[in-house]
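Asks: As listed in TrEMBL for this protein:
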type	residues	note
TRANSMEM	A:20-38	transmembrane segment
TRANSMEM	A:58-77	transmembrane segment
TRANSMEM	A:89-110	transmembrane segment
TRANSMEM	A:130-151	transmembrane segment
TRANSMEM	A:163-188	transmembrane segment
TRANSMEM	A:200-220	transmembrane segment
TRANSMEM	A:232-252	transmembrane segment
TRANSMEM	A:280-300	transmembrane segment
TRANSMEM	A:312-335	transmembrane segment
TRANSMEM	A:364-385	transmembrane segment
Amino acid sequence: MKNMIVFKELDANGLDYLALLGWLLVFIVAGLGSSWYMEHNGHIVTGMTNQIVWGMPHVFAVFMIIAASGALNIASISSVFQRKMYKPLARISAILAIALLAGGLMVLVLDLGRPDRLIVAMTKYNFKSIFAWNIYLYSGFFVVVLVYLWMMMERRMNRYARAAGIFAFVWRLALTTGTGSIFGFLVARQAYDPAIMAPMFITMSFSFGLAIFILLLLFTYKATNRPLGDRILFMLKNLLGVFAAAVLYFIVVRHLSNLYATHRHGVEAFILLNGGVYTALFWIGAVLMGCVLPIALLFHPATGKSCSAIMLSCWLVILGGLAQIYVIIIGGQAYPLDIFPGYQVSSSFFDGVVHPYAPSLPEILLGLSGMATAVFIVAIAMRYLPILPMSLSDAAVDPSHDKSK
Amino acid sequence: MTTQDQKEGQDQKEGISRRRLLSTAGAGMATIALASGVTLISRAQATPRVRGVGVPASSKIRWGFLVNTNSDPSDWDTCVAACKKENGWANTGHPNTDPQWIRKVSLKDKRTGAATSLPMMCQHCEFPPCVDVCPTGASMRRADGIVLVDRHRCIGCRYCMMACPYGARSFVHHDLHNQRPSMPRGKGTVESCTLCVHRIDTGKNPACVDALQAKGSKAIIFGDLNDPNSEISREVARYLTTRIRDDLALEPGVLYRGL
């Protein structure tokens, strides 16, 4: 019983905790206000147009939705793959997954043209639409993960935790496949429709979700003065490095296979060479910040053991990830539809030209409010539920370390 | 009818009696009268130009357009103006967000320099991607081939706009004024050419077609592609036509001649 992990609610009645909640509420209210402003005036007050129909809210929403499934990975590693060192992190991993999905969906729903018709989306289904499937996958994710969490937290149900964990793992793979397939099924557009979108999104989810998870651990354990040992931190950072490399691999494969097809040369040139902000975001954001720099920082002997370098790597993965989603969603729409291959096209509806897009403040605030909502849910859960181990010191998390004593 | 005429001709050549000729001719006339009556009834059943209230649209009909791209380019401006007037959409000074149900597209062949223009609107596909991706079923294809958006069911997710290969759909970005009673629209929902479904169901042509006919142009022929005797079917059988993005095999109901 000596090395048994003790979970305990945060003893957070101080001003710092309340100030954090206060700031998060400010962002949440700002996002809700933005949504009201957008719905009241119509989407004309956003940067979105009839050509760029999905804007900044979708970037945040898709990022959070795929990060949510990635955040659950830590729990999956402990339950599905029986890695005991990850077990203390499983509860917070599940909570973060739920919180991120809730934040992402909030943004997605509040950006609808008619969010008041959410009940229509919940009751009328077209099962040929991957969106309709996603409604089931997303709402099912909440149920599946909550049940999984219950199995983990209720001693009498512990024996079912592994089965629930395996089910949740499969569900999360399906969820990210569904999210990636939103773009995988669009035959109309040059930038989309390859089947590689689904596995690429799964890999991205591993990377983004873990980066957020590590940041959450570092921040929480520092703020609460609970011990966080190097063993678990280095294990997580190594995993993040591998995931970032896997994302880079998928980026390379996707663009190489696109370059093989002559009819995709135009859109590839746009993203890789002459797309202005999209090209910059691709190379500097998605590739350099999202993959290359974190890999270098995490695996370099000097920086790999530095807490601040690990933290920086996590931020880089998050910002690079947002850039990557931005390039996929916005860049893919900015490149004009190829309705008449071989023809130079023009019209009053901006056929044949690259479509401009500048995100408006309400869109950005709405996106940030989704992030704030996720953190708010986690902060409240930590305060009222025993999900965070009292200690993640090397001795606490590693049984072999304990035996050697 | 043609067979009957031929039969009569053959009989005359064979030099049959006057009485036999008269009786044959009488029977022939009766057959012709009956046959034309039957034909009229069957055509009326195949293409009921006026659809009764509560009567579902029939899959025996496939409404379509044949666009002659060799027509006067000003014809497409006529179409756009007629559509705006009929359905109540307009330019409000925000070109990026103003809806366009039909637009004039100018084309220039990059290799040869040859230029033309054409009207682009919802292509009313047999297999519409917008209908496939719509999560709620608001995007729908009527049995007679008209692709529509149920404004009461549309949640404004815009996935259909991502999926349409023709850029034919618009999202209503702002408040609406001066709506037409026959074509209610909704802020926050998606819309596109309805083929003037409200006119078709009352036996009229779409507004763009009538506007062209009023100026003596036959740049767009409207009709039932399933009816081999319709003008559109006869023209489609006579001239080579193009379906735009035919590589996607969506079977659009709008065909272009001269592309």
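Every residue gets a Cβ built from N, Cα and C, even glycine.
Owing to the predicted nature of the structure, the values given are computational and were not obtained by experimental measurement.
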Asks: Should the transmembrane segment (A:58-77) and the transmembrane segment (A:280-300) be scored as in contact, given a threshold of at least 3 Cβ pairs under 8 Å and pairs 6 or more apart?
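Replies: Contact between the transmembrane segment (A:58-77) and the transmembrane segment (A:280-300): absent.
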Asks: Between the transmembrane segment (A:232-252) and the transmembrane segment (A:364-385), are there three or more CB pairs that fall under 8 A, provided the residues in each pair are separated by 6 or more in sequence?
Replies: no
Asks: Taking a Cβ cut-off under 8 Å, which residues six or more beyond the ends of the transmembrane segment (A:200-220) line up next to it in the same chain?
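Replies: Distant contacts of the transmembrane segment (A:200-220): 10, 63, 66-74, 89, 92-93, 96-97, 100, 172-173, 176-177, 179-180, 226, 228, 233, 236-237, 239-240, 243-244, 246-247, 249-251, 254, 290, 307, 310-311, 313-315, 317-318, 321, 324, 378, 382, 388, 392.
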